Amino acid sequence: MCKGLAGLPASCLRSAKDMKHRLGFLLQKSDSCEHSSSHSKKDKVVTCQRVSQEEVKKWAESLENLIHHECGLAAFKAFLKSEYSEENIDFWISCEEYKKIKSPSKLSPKAKKIYNEFISVQATKEVNLDSCTREETSRNMLQPTITCFDEAQKKIFNLMERDSYRRFLKSRFYLDLTNPSSCGAEKQKGAKSSADCTSLVSQCA
């Protein structure tokens, strides 16, 4: 985790530059997020305007609130990237996209891609699943359906909820959003109810 410039590895410093682009949320005109029509598994660029303190506080109520908000998801993903453990949220996102597929002919190739990337023995971003869930998901690959990853996705969600989500709420990635003054928001008149994420990347900048 990035705690200060002096103790950071070079890889963290490099990844921080990417975070600044990915976390370009919070311009100055709106409290809403612009939802992109497509998602790239690699660092999706999220363009959020400003996030109200009320919304930020909701993120602490549940992981579901956090990752179903465009800006919350971006902040959580950046936090996981700083810990080199973003494979879980990437898998969750891939499962969400998979369930939106309308064409039956596209299910099988997409399912195999997700399986090979996150679940197979040689997966490039293998997620931590128990043997029973892994075997069940492997059997589902014989005839992929829209629900073939449901159990695996649920297990990974529960894992994030118990572990990384709790650490996120104690991290600067979240705490700086709950304290706008630490980001210089007090200098902006009329911005008392909104959070600025500049300091989200300050630990690595």
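Any Cβ shown, glycine's included, is placed from N, Cα and C.
It should be emphasised that the depicted structure is a prediction, and the values quoted were computed from it without experimental measurement.
What Swiss-Prot annotates here:
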type	residues	note
LIPID	C2	S-palmitoyl cysteine
LIPID	C12	S-palmitoyl cysteine
DOMAIN	62-178	domain 'RGS'
LIPID	C95	S-palmitoyl cysteine
Mind tallying the domain 'RGS' (62-178) by DSSP state, helix then strand then coil?
81 helix, 0 strand, 36 coil
Take the domain 'RGS' (62-178) and average the pLDDT across it for me.
96
Neighbourhood of C95 (S-palmitoyl cysteine), C-beta criterion under 8 angstroms, separation at least six:
I114, F149, D150, A152, Q153
